[in-house]
Amino acid sequence: MGALTSRQHAGVEEVDIPSNSVYRYPPKSGSYFASHFIMGGEKFDCTHPEGYLFGENSDLNFLGNRPVSFPYAAPPPHEPVKTLRSLINIRKDTLRLVKCAEEVKSHGEEAGKAKVHYNVEFTFDTDARVAITIYYQATEEFQNGIASYIPKDNSLQSETVHYKRGVCQQFCLPSHTVDPSEWAEEELGFDLDREVYPLVVHAVVDEGDEYFGHCHVLLGTFEKHSDGTFCVKPLKQKQVWDGVTYLLQEDYGIENKSNTQDFKVAEDDVRDNSAECVVCLSDVRDTLILPCRHCASCNVHCADTLRYQANNCPICRLPFRALLQIRAMRKKLGPLSPSSFNPIISSQTSDSEEHSSSENIPAGYEVVSLLEALNGPLTSSPAVPPLHVLGDGHLSGMLPSYGSDGHLPPVRTLSPLDHLSDCNSQGLKLNKSLSKSISQNSSVLHEEEDERSCSESDTQLSQRLSAQHPEEGPDVTPESENLTLSSSGAVDQSSCTGTPLSSTISSPEDPASSSLAQSVMSMASSQISTDTVSSMSGSYIAPGTEEEGEAPPSPRAASRAPSEEEETPAESPDSNFAGLPAGEQDAEGNDIMEEEDRSPVQEDGQRTCAFLGMECDNNNDFDVASVKALDNKLCSEVCLPGTWQHDAAIINRHNTQRRRLSPSSLEDPEEDRPCVWDPLAV
């Protein structure tokens, strides 16, 4: 350190006290800093000569002009550095001047020339009893390690006010006023040569000898506005502990921004409320960039990236000279209790603990979040409430029924239809909806379970067969007939085929555990109108034998000839469907097979779907080869609805076995030949 190199061999008592210029920057001679510095028990080389790592070099003049002895012993090499406990904190951003309610008038002074006096107010926090005094135009002196401030006039100080411990206390002394207009202009600011501070707020701990000499000092200056009014601005803050003066510097980026404040933030004021590293956006910030003091990165990988690949701070883009990691530790207290456990802190510190490159954690200590160590536990946002029972007619995760009965459909695991709506005066309206949407957890079941469920479904439906038919005129067609399919995606008219409906695949556990999102998808995108059904092409093929496996379809197909209904559009509103002779159709134009092939009818006389128990060709079918053909194109696998296929085509399909189909309910008892079912007429 130039002329000061002899200080390392001499005691503190031998330093020349009158030479005040020794600890002033810039020094009159020599260098202020040495070639290295010691921090955290380790020695580091100074890459930038005469560079103050924690701020501007001029800030060193606030530390004092007298050398002091360090009162603490050096910590062991493997012990963490102990932090000093600050019992008092004055919030410098709350320091302000408040005009008095009544203007003070001097004797013999005119009313128009009345002077304006101000009160000094600020907010502070204290963990001990404190005595606060305000000084004006004062100088600083240290006697026996205790800081004292002496104003140039005894009238330039307030009375001492005592406060108890508390948080967010307000200092307001109406009996004490100040008039900065009485001072000269140079006295409003701080002059290093004069060493006179315009404003000093001195808060001393008042709790006996244990904390004797511990104080907090806030230095401020005055400014005059163009309209003649004055304001006060904070200059620096200091802590005096055991005779050593510590200059307080602000670190940016580690404040607890989630705390509620008295003022409202404007909508256009964009603020960074996150505590993650600005480089990787995953770990918690714990590395301070010096000298700009931006806590913006983590020490996992980003600190090394800044050291070897970048030279500027990622926030202010100024060049930096050092990186300081601040890792907060505490003694292990055992497992955290539920009351002190914070999910935000745990999630933020887990990655840093696992990926930390230097695990120099002393025995008996654990790492805590820096935000928690400085600001206390973070406020966790309330968790998203789970779905509850909505009411009598609603279940969690399911949609209410839209049928005419107004009740929820019975939850079935075997039948693909929920219920049938009542008949109205205009015609028969069927509303067929699946009992449940296929959830992701139950989209694939074993083959044996599918065949067993379909067999049981066919057995139950065969018991409800009846010869009753709705009495309706041959020309009466229902106005609308919506067929609700359970599909995982939107229905595309060009890709939809008329493959028969399969039995509903439902979750074997809770009948009300289906996904709400898929239920909404099924109800919103699977309502097929009459026009959609009429534009769909399909061939409803009954299964063949019970042998396993699927044979490839025959390349031969019966040619499709136009029927009378297609040639005469006036006879039917829908010309896309071919009909059977009059004796083989019902009043609606649907196919009627003999005895076993008739459409099952429920107890109230309403027809159910004629192809109940068949499977639907949608996105949930994996192993079923669907037959696709447009209405205006001939497909090799499509034949005329309601007609028998040629024997040559039957031979190749004789061994075809569709999964999840029970052939007993759809075969012709007299001939072992599959028939083509007509699409649902509308």
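Cβ coordinates come from backbone N, Cα and C, glycine included.
Swiss-Prot annotations:
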ZN_FING   277-317  zinc finger
MOTIF     330-333  motif 'D-box 1'
REGION    440-604  region 'Disordered'
COMPBIAS  479-538  compositional bias 'Polar residues'
REGION    655-682  region 'Disordered'
MOTIF     658-661  motif 'D-box 2'
Spatial neighbours of the motif 'D-box 1' (330-333) far in sequence, C-beta under 8 Å, 6+ residues away: 364-366, 368, 373
Residues of the zinc finger (277-317) by DSSP state, where helix covers H, G and I: 8 helix, 10 strand, 23 coil
DSSP residue counts for the motif 'D-box 1' (330-333), split into helix, strand and coil: 0 helix, 2 strand, 2 coil
